Amino acid sequence: MHDHITNTGGKCPVMHGALTTSSMATNMEWWPKALNLDILHQHDHKTNPMGANFNYQDAVKTLDVDALKRDLHALMTDSQDWWPADWGHYGGLMIRMTWHAAGTYRIADGRGGAGTGNQRFAPINSWPDNTNLDKARRLLWPLKKKYGNKLSWADLIAYAGTIAYESMGLKTFGFAFGREDIWHPEKDIYWGSEKEWLAPSDNPHSRYSGERDLENPLAAVMMGLIYVNPEGVDGNPDPLKTAHDIRITFSRMAMNDEETVALTAGGHTVGKCHGNGDATLLGPEPEAADLDDQGLGWLNKTQRGIGRNTVTSGIEGAWTTYPTQWDNGYFRLLLNYDWELKKSPAGAWQWEPINIKEEDKPVDVEDPSIRLSPIMTDADMAMKMDPDYRQISERFYQDPAYFAETFARAWFKLTHRDMGPKSRYIGPDVPQEDLLWQDPIPAGKTDYDPQAVKDKIAASGLSVSEMVCTAWDSARTFRGSDKRGGANGARIRLAPQKDWAGNEPARLAKVLPVLEAIATESGASVADVIVLAGNVGIEQAAQAAGVEITVPFAPGRGDATAEMTDVEGFAVLEPLHDGYRNWLQKDYVVSPEELMLDRTQLMGLTAPEMTVLVGGMRVLGTNYGGTKHGVLTDREGALTNDFFVNLTDMKYTWKPAGKNLYEIGDRHTGEVKWTATRVDLVFGCNSILRAYAEVYAQDDSNEKFIQDFVAAWTKVMNADRFDLA
């Protein structure tokens, strides 16, 4: 029965036909400029072991939070031989784990943060800055195992650091559960272009340009770091230069100077750095470790490598006299002593105090009869040397209660920044106070007649384009990364959104007063009326194409006020491009189609949804400024599949006519029929997108096109309706 098997040259006849590792060239390596549509198809049921019916938000509501809290408190002082706790307390380790999970967040695109449990996966689990955090997660495994599906890794990682602070005496601000785990690394997050860990700023693939301009949206200063280099810029100590890096990095995490000092000091009030050994003896990081290391990395298999002999950052020592308790010792030592540069046993730069009193020295992690010098990193010295940071540090030193409260609030912000609105918070310790950075929205109304509102809108004289564009612009700000933006709140009528160039303020000045008047008359929120107007426009466009439809609608959006809106905080949501409306504010290094892909991923759309939405928006005449690029139809304003029919028709040719401009002409006469942009033509050029375009161009697909367009449109309008989930 095996006679048909031929000689395979010693290779397995089955396995070597599959791309089972990354050692073989992929399509992206063969064609590196191809669109990476995989970023639109992540975290679905094929990778999620929980099944389609599992709802984490429901499951975590059944969690016994008090029992978990008791277990975490007990864990902090239950030292394990395989990874002993410093001074018998794991608090510093757990806090660093939580810090480094939450600290990947960046405000520019909302990506990163503690909300997904991504610290379990590459590349984050193997970054140099996360050395030995694999041990922290293994220490937590018994609790994750015990509480099972009621407790996500993401919530546990965030909660462990919070309880660690509580166990050491800090009154925390609160905590919310509700972070749902992902099951594979994110494919969409850009961490930088460097090809080596900790590449210096003069690296050929550096994230820096000019004097020291950090590439957007990055916040970390080096590949593999969470924040700044603790030894100094490119490893060269200079507290004032480090202060510059700190200010940029923390501002890109949505933190001001006071929050920055509080977080730096509060993070270093407890725990220690580890560099008492030879860093070259550490084994590879988890992703490169041997099979029998079972996911653990940085193992020292030639020396003891644990306890007082642990090597992590290479810096060695504690910041404070009592590293297992919350106090004001950080500022007391930093401000009252002079400090000098020294090298750690591992060869890292660190600052040590001159002529320190014996009683101010922390004790050894294993032997309390031994006292050792405390240390400061270059980042700590920046809190003393930078004038603005120094002023804040002095205030915190003089007012420990104010420092503790400021830190507790900043820690809460750090660990919850990517969770979205407060309505997503779950658990008994959710703070009652509404915070401006949470983008609060009042409760909406449902006690009105949506059909009566639609009738008023239809009679208002607004055009299909005006209604659809206004609804789209209101909703397109949504970011699935940190759950910000969206149509709920109707902030398109407030600063800064009403003045954004991409929202065409002149059009808004005409349309919004009409819709606001209808909202007042009907008792509906303006947010609901804006969405209803878009729905009316689509229904009218479908009717013009000979199809009667009703676009689904769910009332209940609220209207935010100016007092509820952080103008500066919302500035990062401003669209500088929108492929769906065929608009670029200016020319960018990144191609228009890549920008559209990035926006699509943030909005939570799939590649087929992106395709059908672009095709529909074009024929509805929703281009920015009324341009006709990509409007491949003679029936503008009617919801037809003409965009796809004409894009795939071989009777036309496509020729460049300028930067990001093409002419579509008759193949035989040469007569120019339409113009288009790269964003239009990519749906005929990219093999995957063309496959979707061909589906919608088929003779039997107009009804499917309309159904799919309406479904995708409704998804965008409801993206921030967490109450509907």
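Think of each number as a place in line: the chain as shown, counted from 1.
Even glycines carry a Cβ here, placed using N, Cα and C.
What Swiss-Prot annotates here:
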SITE      R96  site 'Transition state stabilizer'
ACT_SITE  H100  active site, proton acceptor
BINDING   H268  heme b binding site
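Cα of H268 (heme b binding site) to Cα of H100 (active site, proton acceptor): a distance of 13 Å. Every protein chain considered, the tally of other Cβ atoms within 10 Å of the Cβ of H268 (heme b binding site) stands at 24. Across the recorded positions listed here (R96, H100), the residue whose Cβ sits among the most other Cβ atoms within 10 Å is R96.
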